[in-house]
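Working notes, structure below.
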Amino acid sequence: MAIANKNIIFVAGLGGIGFDTSREIVKSGPKNLVILDRIENPAAIAELKALNPKVTVTFYPYDVTVPVAETTKLLKTIFDKLKTVDLLINGAGILDDYQIERTIAVNFTGTVNTTTAIMSFWDKRKGGPGGVIANICSVTGFNAIYQVPVYSASKAAALSFTNSLAKLAPITGVTAYSINPGITKTTLVHKFNSWLDVEPRVAELLLEHPTQTSLECAQNFVKAIEANQNGAIWKLDLGTLEAIEWTKHWDSHI
């Protein structure tokens, strides 16, 4: 998918990886970049607008934990304005295993609900044109950081959901792929809580090993968007981009 002249919705497009990715997207010249985020950041929006004045950048406040009906109402406002949307990026995420319910609500349920809501506008069974979904998951969906089992499990769930979405594309007309960053230098990983304090130094220990910058991750994210490969499980780690093969251990045969 060429980003140029496309309409893109980016949930959590002002976060660590999110904001650098928004910058890279804007440089690629979409027609519209609609950012949905919990907290407004006028300076960040102004920066994006200045980066490429030809791109229309808009912001709507959005908390992914709201009911599906509320998300659908917001999306209707956006679709009424833009008429078409080509790509939805689900990027909301928190890393704090003290907050068990919220971790699951943001990292998994929020992704499911936002996706469910946009199907009202995209699903070809309802006369929709189809669309593309990029879900930001995590390498912890492959192998957990066991000191943060709630976070890791929430990302594994989001990855499984995304893989299923891709398989459903012939029915819905909506394709999907996952973006799975490795350890990336953002405020998210500088300090966070392990489950039941099993490892108080978990953030410090992780950062003792090689990491990548959010810019490196963002640049590879844009490459994945342009590749537009349904069902791809993209690993974005140490400044590299790799489509991994998922090992199948069981099949439902349906």
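Just so it is clear, glycine is given a Cβ too, placed from its N, Cα and C backbone atoms.
In the three-state DSSP scheme, Gly16 (NAD(+) binding site) is classed as helix. Residues or ranges marked as NAD(+) binding site in Swiss-Prot (evidence: similarity to another entry): 10-33.
What Swiss-Prot lists as substrate binding site is Ser138. The DSSP secondary structure for Ser138 (substrate binding site) is coil. Listed in sequence order, the residues of the same chain lying 6 or more apart from Ser138 (substrate binding site) and placing their CB within less than 8 Å of its CB are Gly93, Tyr151, Ser152, Lys155, Leu159, Asn180, Pro181.
Per Swiss-Prot, active site, proton acceptor is recorded for Tyr151, and the stated evidence type is sequence analysis. Secondary structure from DSSP puts Tyr151 (active site, proton acceptor) in a helix.
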